[in-house]
Amino acid sequence: MPTNLSARLCTFVLSLFLIAFALPAFAGPFEDAVAKFANDDYSDTDEAIGVVASSGNKLAFPIISALQDGRLMADPDSKKVYVTGTDGKSIDAATGEPVASVPDSASAVRLNNRLRRSVDAALGSLTLQSPDLGARLQAAQSVFKSHEETALEPVEGALAKETNKSVKTALGDARAAILLFKSDATEVQKLEAVATIKARGDQEALALLSDIGTDQPPSVAKAAASAISSIQSSLAVWSSVQNAWYGLSLGSVLLLAAIGLAITFGVMGVINMAHGEMVMIGAYTTFVVQEVIRTRYPALFDYSLLIAVPLAFLVAGAIGVLIERSIIRFLYGRPLETLLATWGLSLVLQQAVRTMFGPTNREVGNPSWMSGAFDLGQITITYNRLWILVFTLAVFMILLAMLRYTALGLEMRAVTQNRRMAASMGIATSRVDALTFGLGSGIAGIAGVALSQIDNVSPNLGQSYIIDSFMVVVFGGVGNLWGTLVGAFTLGIANKFLEPVAGAVLGKIAILVLIILFIQKRPRGLFALKGRAVEA
Amino acid sequence: MPTKSIHDIAASFSRRGVLAATTGLMLGLASISGAKAADDTIKVGVLHSLSGTMAISETTLKDTILFLIDEQNKKGGVLGKKLEAVVVDPASNWPLFAEKARELITKDKVSVVFGCWTSVSRKSVLPVFKELNNILFYPVQYEGEESERNVFYTGAAPNQQAIPAVDYLMKDEKVKRWVLAGTDYVYPRTTNKILEAYLKSKGVAQEDIMINYTPFGHSDWQTIVADIKKFGSAGKKTAVVSTINGDANVPFYKELGNQGIKAKDIPVVAFSVGEEELAGIDTKPLVGHLAAWNYFESIKTPANEKFIKDWQAYTKNPRRTTNDPMEAHVIGFNMWIKAVEKVKSTDPDKVIDALPGIEAANLTGGTSKMLPNHHITKPVFIGEIKGNGQFDVVWKTPGLVAGDAWSKELDGSKDLIGDWVGKKCGNFNTKTNKCLGSGS
């Protein structure tokens, strides 16, 4: 141990000496630039970034990356600047010498968007040869975006050494972007650059090519114009793929919100205006689960939704059974009273939640596996939407299986199709009613867990879904789960193809008009339930 | 001060009228001092929704007024009398606002009302305030194009929020292409009309402006965010000016974050997103997006630090945030107190005439002044969202900006001014030298 320690000390002292000797060569401009960070002035900071990044000093990378993470501390009184490492230890940014502590008067150097872009560009050329693959890729991409001429040399240097294929492509793109904007690049180089960027074929390539300006040689301008039109036509194809995906995603949200209603309204025939509030209760259950996890078991956060799903089902389901037993069972066969009673109930539930949790939105976090997006071709698919689609289909399948293969499911179908016949066969219809309503409410609760990931968790959450849910169930055909599925996806996709053309507001109106026309033609919806006893 | 304590007792009796009515002895006492008690407090009406969709924003403002009244009473009230709040709940229901306003003025005999959030609620109560001649302090940023004798607008007019924000983006971020995204109702539509005219006057071409409206509570932002991304990839620096209202913001920002639109690529500047709205989301993916307000909780001035401390002590919640409309109420409330003290009366006519010219300190270190058009002077700040849900001020106007009741950018209103001091008119046409009168 002692030798190890002394060896470490030795290298430490040695490195100090090295820095001390190496520094004077850069002392003037570099130190002046570093001191500028302490001025708390955005244009001074911008200038300092430029000088530090191109200084070639070993401290350039630690300083700029600290600036990016808010770890660069500046003392406005003494004009001293410090880099606080990720391990909590600090060094003087101008000399690299370690300091015992950063003075209290120092605060993190502030950034705005313009500076963040400068930092990215500076880090881009500094990390092009980083040993970390991800850092290199990011560096190449930020050079592509900033395409500053000064970065050409480092990019070409990195390109020669790079072995990874995707980084190599990104570096090639970055080089092409720089050449395209370099005023003294040859025509051949520029034509090659246009071809490289055309091959990239995405929106950023389009942006770059549209921005090259008019002072290009005619052949380059022509090549760029043809590249732009070819990228545009391929993007147009992708854009309809994207609309279809958005439609599926919207459809899955509609289906999820409506699936519980398909049971309470569709199967039981109860006009349940409090359905949205069951969704809201599910969302608030998620919030409570996450609060408990945050305070007690932070490590479980990524599993919070999995824990919330059964709990939300139980909470919303229990409330549903309670509502059925205490209110709805007295109102069977009186749709108007049911409508008014459940609507009143929805207001009561909203205000109860408002009193308990406060009127403001509650933060429900996204677990890491539900954040971000990935690119599929030229479209962006966000993880939260993808998971919600998968989740919705799973809930649908489970519900379908339950109705088909379990005893309760059989009883439910029997009671809905012919209540008196079912009763005379010995089925306790009132118990089945309560359980069916509980099931529908519980599923609405599960929907709340998923919707908490994409919408506000506020007392008004349910209101925004109730109209859409009724729309889906009525359109799909009352009493038929498959109808709800097809109805939801049809409406979702139609909406998303109308939206880019007509706008969100008109799109929604158009959908409502189409549904009204459709219901005129087929009052029972897409899949009408056939049979003698439907009305009974 | 023995008389004062008797008055206090009497006041508490009159507040608990039920208690007073229970015994005959008490009844006699209450009937004598009850009339006196009504004179001994000055009643202040609070007209903010405590239930329904707007409760999310307005509940805080109700608490703010109660807090301000509490503070003022600690200092001895005003004109030697205590202030008493009368709180009603218009339940986010626009016609109910008018009913409740009438109730406050005729039944509760309030001297002044602090209230409303949405423009439609303000429009709904306007005739009541005109008819019964009372005073309304309106604390929220709005679309302008209005100046009424009975209303004092302490929130920002478009030239105190929207236009400076666009100027900032144009100069500092060199933005060339604009997305104006809003919720489909009067405030975004008017603001966007003003902004469109302003941008065109600055030489921005029609094809570089994209205007998009969404319904209230819109939650599926995939298409619009993708459109913004596409619009932003035309090679010119693009920014989004958002007048998206209330709840729709959270899913909008979530979608921006998920689709990877960073503030350094396409910044979004919002006029309706403050500390309260951000409390419902994880702000880390939003760092760098902007908001334009006349106040931010993070502004470090002695007045603001004291206000935040006292507010959190009053609400017994050390994490309670403050926001721009709250500051507007603070300024409006203090202006009203000063005007009442100046004319030594709470008579609405006298107070209305006294208010223009009254100055009150704002929380960000300046002094706001009530103008003849019933709007006030305010500083404008641009803040960037930080990871902790607060804002970092990146830019501010050099001085205070005077609120324009009528926008200088729109053809219909650029010749109009509001002047309740000299011209006694809310919509005076400076070209024709005529007052258009009511029914504007």
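The backbone N, Cα and C atoms fix where each Cβ goes, and this holds for glycine too.
TrEMBL lists transmembrane segment at one of the ranges A:221-239, A:278-296, A:335-353, namely A:335-353. Counted as Cβ pairs under 8 Å, contacts with the transmembrane segment (A:335-353) are highest for A:244-271 among A:244-271, A:303-323, A:428-450, A:501-519. Residues 243-244, 247-255, 257-259, 261-262, 265-267, 269, 396, 399-400, 403, 416, 511-512, 514-515, 518-519, 524-529, 534 of the same chain sit 6 or more residues outside the transmembrane segment (A:470-494) yet have a Cβ under 8 Å from a Cβ within it. The transmembrane segment (A:303-323) and the transmembrane segment (A:428-450) are in contact, since at least 3 Cβ pairs between them lie under 8 Å (pairs 6 or more apart in sequence).
With Cβ pairs under 8 Å as the measure, the transmembrane segment (A:244-271) is packed most heavily against A:428-450, out of A:386-407, A:428-450, A:501-519.
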